[in-house]
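Feature list (source: TrEMBL):
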- 6-24: transmembrane segment (TRANSMEM)
- 45-64: transmembrane segment (TRANSMEM)
- 121-148: transmembrane segment (TRANSMEM)
- 154-176: transmembrane segment (TRANSMEM)
- 183-202: transmembrane segment (TRANSMEM)
- 222-246: transmembrane segment (TRANSMEM)
- 267-292: transmembrane segment (TRANSMEM)
- 312-342: transmembrane segment (TRANSMEM)
- 363-387: transmembrane segment (TRANSMEM)
- 393-411: transmembrane segment (TRANSMEM)
- 418-440: transmembrane segment (TRANSMEM)
- 446-464: transmembrane segment (TRANSMEM)
Amino acid sequence: MTDTTIMTLIIIAYLVIVAVIGLAGTKLIKGSDDFMLAGRRLGPFMVIAGLTATHIGGGAVMGVSEDSYVYGFSGVAYSVGTALGLILLGVLSAERLRSLSLRTITDYLALRYDSKTVRGLASGLSIIAVTGIVAAQVNAAGGALAILGIDPTIGAIVAVLLFIAYTVVAGMWGVALTDAVQVTIVVIGVPIAAIAGLRAAGGMDGLRTFAETSGDIVGADYFSPVGMGVMAMLGIITPVIMYDLIGQDFYQRLFSARSAAVARISAITAGLLLLVFAIFPVIGGMSARALFGDLEHSSSALPTLISEVLPIGVAAIIVGAILAAVMSTADSLLIAGSTHITNDFYREIMGRDPEDDSPRTLVVARVWTLILGVGALVFALSVPGIITVLSLAYTMYASGVFVPVIGGLLWRRATRAGALAAIIAGSVGGLAGVFGLFDYGAVPEVVVGGAASLLAFVVVSLLTRPDAGAEHADVRQKRDAGA
């Protein structure tokens, strides 16, 4: 058998084993809350693994190695954003919001501002963002499968079918169980591959020599921490930090924690872990460029490096783990999107029982998981580039929703009208730049959108009367009272 055949068989076997582990979680699913939140019973290790896996799949591994392959050291931008975002999440809001026993981040907005309109607008933007982020995972999965000779488009379709099927059956319990396995292998395996690749490329001196003698790369820029440009890096880092602080996929992990304290320490620990891990996909991407030159698909830089510098069995397991981690990120995002639809629209806005945990509600969640997965595939095939898709998705959501969430936590005077104005002004400002209606120059769209959102939030709040539930403690009292 050829090496490719052996690797394919090992990867398939690995994915089957992971699927069996995940499917074991189906025994724990009694209703929709078990499907969406794992019964709020996850301990620190599971929550840390989940938060880490949410970034370590398509973004912090495949996306960063792709950007580092193209831009050099500055490709680390995404990982810096993810790490800082999770640390801030733990410091600012993880414990406070987990203590409210919410299902979605928009549950908090609805309680804080006492408004179904705020809930609906924020949920809609979040669903769009989640679908876009799943699309980035689809692109990443296609890149990982490319080393097996599979066309990335075909690989993307295969990956979507796999993780949709898995998500519909396994829910959050299955995701949590498999995250622990995948994150462990990736966190150990990627550094091994990166170091082996660096040695094969002649160490740092070898990379510098390559950069200086290559016609399409300027050596100084390739090793500069801001080689792709300061504003370009801010355009990646800023929306990632903002999204980490308001993203449903992260809060869903935190809301699944068994306590508020577990949620807080898990977010901080996951951020620190990602910060330490960040350098290895960068080294892997740069080494792949030096060793293999111009690959047909830059998204396959790290998988190609792994397959070429490590023994075939070890390489197959690591590539399989990366692929499984990408799929794990995707399935948790699909659950996040379907939770928005099930909880915010089906239960709350449509006036059904908010505590309805019937089999029918579980069916609604699973059907929308399928629909969102198909939508993500269409998005993925329309917009190339992993980090490009991620940045677009983050900008859409963060521009409008970041200020009402964080402002609501930090500023007692914020009002319902201010939150509505902030969502509208921020999302319109951000999307206008994304779709080219206005030219913001080198300033990232999310910065302009966020500034417009903040201005509207402050001005309108000061011009309108304060609402009930105008601070975090009041929100808790309101919920505990059953209002």
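Cβ coordinates come from backbone N, Cα and C, glycine included.
Comparison of 121-148, 154-176, 183-202, 222-246 by number of C-beta pairs under 8 angstroms to the transmembrane segment (393-411) places 121-148 first.
Long-range contacts of the transmembrane segment (6-24) within its own chain (CB-CB distance under 8 A, at least 6 residues past either end) are made by residues 147-148, 162, 166, 169-170, 174-175, 177-178, 181-182, 307, 312-313, 315-317, 319-321, 323-324. Counting Cβ pairs under 8 Å that are 6 or more residues apart, the transmembrane segment (446-464) and the transmembrane segment (222-246) reach 3 or more and are in contact. In terms of C-beta pairs under 8 Å, the stretch of 121-148, 183-202, 222-246 lying closest in packing to the transmembrane segment (267-292) is 183-202. Counting only same-chain residues 6+ beyond the ends of the transmembrane segment (121-148), those with a CB under 8 A from a CB of the stretch are 4, 7-8, 11, 57-59, 61-63, 66, 104-106, 109, 154-156, 158-160, 163, 243, 247-249, 296-297, 299-300, 303-304, 307, 319, 322-323, 326-327, 329-330, 333-334, 336-337, 340-341, 344-345, 372-373, 375-377, 379-380, 383-387, 389-390, 392-394, 396-398, 400-401, 404, 420, 423-424, 427. Long-range contacts of the transmembrane segment (45-64) within its own chain (CB-CB distance under 8 A, at least 6 residues past either end) are made by residues 75-76, 78-79, 82, 86, 136-137, 139-141, 143-144, 175-176, 179-180, 182-184, 186-187, 190, 249-250, 253-254, 256-257, 262-263, 266-267, 269-270, 273-274, 277-278, 281-282, 285, 299, 302, 322, 325-330, 332-333, 386-387, 390.
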